[in-house]
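Taking it in order: structure first as structure tokens, then the write-up.
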2 protein chains.
Amino acid sequence: MNFHQYNYTKPFQLENGQILENLTIAYHTAGTLNPEKNNIIWVCHALTANSDVFDWWAGLFGENELFNPKDHFIICANVIGSNYGTTNPLSTNPETNSPYYRDFPTITIKDMSNAHQLLADHLGISTIHLLIGGSLGGQQALEFTLLNQVKVDNLVLLATNAIHSPWGIAFNESQRLAIEADSTFNDKTENGGRNGLIAARTIAMLSYRTYIIYEQKQKDEDSVYNDFKASSYQKYQGEKLANRFNAHSYWTLSKAMDSQNLARNRESLEKSLSQISSNTLVIGISSDILFPPSEQKFIANHIPNAKFIEIDSIFGHDGFLVELQELNTILEHLV
Amino acid sequence: MNFHQYNYTKPFQLENGQILENLTIAYHTAGTLNPEKNNIIWVCHALTANSDVFDWWAGLFGENELFNPKDHFIICANVIGSNYGTTNPLSTNPETNSPYYRDFPTITIKDMSNAHQLLADHLGISTIHLLIGGSLGGQQALEFTLLNQVKVDNLVLLATNAIHSPWGIAFNESQRLAIEADSTFNDKTENGGRNGLIAARTIAMLSYRTYIIYEQKQKDEDSVYNDFKASSYQKYQGEKLANRFNAHSYWTLSKAMDSQNLARNRESLEKSLSQISSNTLVIGISSDILFPPSEQKFIANHIPNAKFIEIDSIFGHDGFLVELQELNTILEHLV
């Protein structure tokens with residue numbers, strides 16, 4: 001995919017009233033717009049992913065995959081707050097000429113979606129053939145559709161919700177408390193809060209996976225009373241993330257996930273969903289404890305042209321990234 | 001209940017080969033031993049509880065409850081590592097004349113059970129009418145029974161397991177990583193690691209409760225995008241624990257929970273369980289994600305005189321402390 005950055009030089013108004021003086025939006029594209037302008041696939045990425053969808057959704061997106069650059073013009077934009085090229089807490093605060101760090105404003109899913117709209121305007125996009133996203137990406141896809149400025153022909157929402165649950169907020173709060181327990185989070189450095197971030201990611205892993213997956217893959221073969229495989233796995237996953245992410249972006253994005261509520265400044269969740277006219281497919285993972293299928297059923301029940309499909313999987317929330325064979329089957333009619 | 005402390009002045013050998021030069025065991029009792037010596041109820045407490053079972057299991061234990069001091073001689077001992085009177089990381093290390101803190105040795109469930117046996121010997125107890133424990137308490141009750149030095153007539157195990165799962169270990173590891181992310185955990189003070197402990201407890205709450213309980217009790221009534229009720233609840237629960245516990249004891253006890261494995265230095269889990277001759281009742285909570293009912297079914301399947309009962313509850317792991325009406329019904333034949 002090709003990496004681009006779009007610099008929006010006007011003030012960008014956030015939902016909380018604050019203003020980002022300027023906004024850089026990083027995005028990847030692959031393929032070209034066809035003459036009929038009906039081959040655009042817009043992907044919204046999840047919490048710690050980047051805009052290179054061929055990298056993190058290989059098996060579904062790629063040169064020779066179901067969604068490929070020969071047939072489609074594929075776009076994915078990095079969200080505000082993320083450290084993959086879009087304005088984020090490590091960007092320079094024009095007021096102080098040094099990075100924002102903890103002064104970065106609270107970002108909502110709606111702010112992210114407004115930024116997607118800016119990019120769509122910049123690229124002259126008025127119709128999207130397929131808008132697709134899972135988890136935090138699905139939250140954006142819903143808001144982006146509700147902005148009602150681009151026409152979304154097909155909407156695919158995976159393992160996501162219309163309002164973030166108290167349970168999900170509590171999981172995110174525990175992660176933020178772990179980051180805040182690391183006093184280096186207050187240091188004005190890129191690595192501030194690294195140990196807290198490691199702990200936070202391990203908490204997130206528990207919400208992304210399941211008892212049965214840990215049982216199958218992290219069980220010790222010998223009778224030990226210390227240094228368990230599951231402990232090493234947690235540390236490994238935490239460090240792996242900390243080597244490619246930072247505590248400030250993580251903190252900001254987890255707050256954005258919590259902000260998801262299609263009813264805020266609207267009549268109700270049901271009414272908001274009922275205004276979506278896209279041909280919609282809502283996909284849930286049977287064992288997802290973070291965004292349980294009941295949340296996707298709710299969405300599908302209130303969008304007029306929606307269908308709900310549950311993937312039977314032991315992978316939990318991560319199933320939307322892992323169950324590729326199933327997803328290829330479910331989505332092939334959308335090519 | 002009456003508080004006592006028993007000082008065992010000989011060296012106490014731990015499972016990892018280390019020695020505690022002396023051991024203080026705190027315990028509570030209520031009631032008196034009857035002439036037939038067949039009215040002893042021995043309770044094993046869970047992770048952060050104390051030995052005052054009338055305090056934390058009111059509704060089942062108390063002056064006028066199913067298990068009461070008029071009919072029974074009730075005993076509960078505080079486990080090694082806990083800060084409610086038994087030797088723990090804040091106790092004085094005789095080698096240095098200052099508290100152990102992070103030098104406190106690794107404690108296992110078997111060590112806790114060996115300490116229970118010392119107390120039973122001290123009190124001249126050779127037969128227990130009812131041995132009961134949930135979670136970490138159930139883990140001890142199993143090991144205590146397998147020591148085979150006291151005769152356990154009736155064994156009641158709630159929301160517990162014969163081997164701690166990789167999933168359970170991962171949950172505990174995330175909590176320890178949160179504590180370790182707080183660099184004050186290395187300070188040699190009672191409050192060292194307090195912020196980490198707060199985060200750790202909030203993680204534990206997620207494993208003790210369920211999506212539906214958070215949905216019912218922590219849902220915001222207004223459309224907010226910040227300061228969610230679920231966030232406040234997490235912080236409140238974390239601080240509440242940190243005001244009565246310390247990071248060192250918590251760290252030690254979470255490691256002990258991970259150590260549960262009835263097969264260690266024995267032939268197998270199945271063989272170990274098959275050697276228990278007590279009349280056994282194993283109780284699971286339908287929505288427990290930390291110690292799921294499959295773990296209690298496994299125990300009941302391998303103890304010869306065991307029966308499994310599942311309590312249908314939305315409270316998750318905490319159900320064993322909360323579903324008091326159900327427990328009274330299930331246990332009344334044991335009085």
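Cβ atoms here come from the backbone N, Cα and C positions, even for glycine.
Straight from TrEMBL, the features:
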ACT_SITE  A:Ser135  active site, nucleophile
ACT_SITE  A:Asp288  active site
ACT_SITE  A:His317  active site
BINDING   A:Arg201, A:Asp318  substrate binding site
DOMAIN    A:42-321  domain 'AB hydrolase-1'
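Overlay of TrEMBL annotations on the structure.
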residue: A:Ser135; record: active site, nucleophile; contacts (Cβ under 8 Å, 6+ apart): A:Ala46, A:Leu47, A:Leu158, A:Ala159, A:Thr160, A:Phe291, A:His317, A:Phe320
residue: A:Arg201; record: substrate binding site; contacts (Cβ under 8 Å, 6+ apart): A:Gln175, A:Gln237, A:Gly238, A:Lys240, A:Leu241, A:Ala242, A:Tyr250
residue: A:Asp288; record: active site; contacts (Cβ under 8 Å, 6+ apart): A:Ala159, A:Gly316, A:His317, A:Gly319
residue: A:Asp318; record: substrate binding site; contacts (Cβ under 8 Å, 6+ apart): A:Tyr208, A:Arg209
Using a 10 Å radius on the Cβ of A:His317 (active site), the other Cβ atoms enclosed count 26
Whole-number mean pLDDT, the domain 'AB hydrolase-1' (A:42-321), equals 98
Helix, strand or coil at the residue listed as 'active site, nucleophile' [DSSP, three-state]: coil
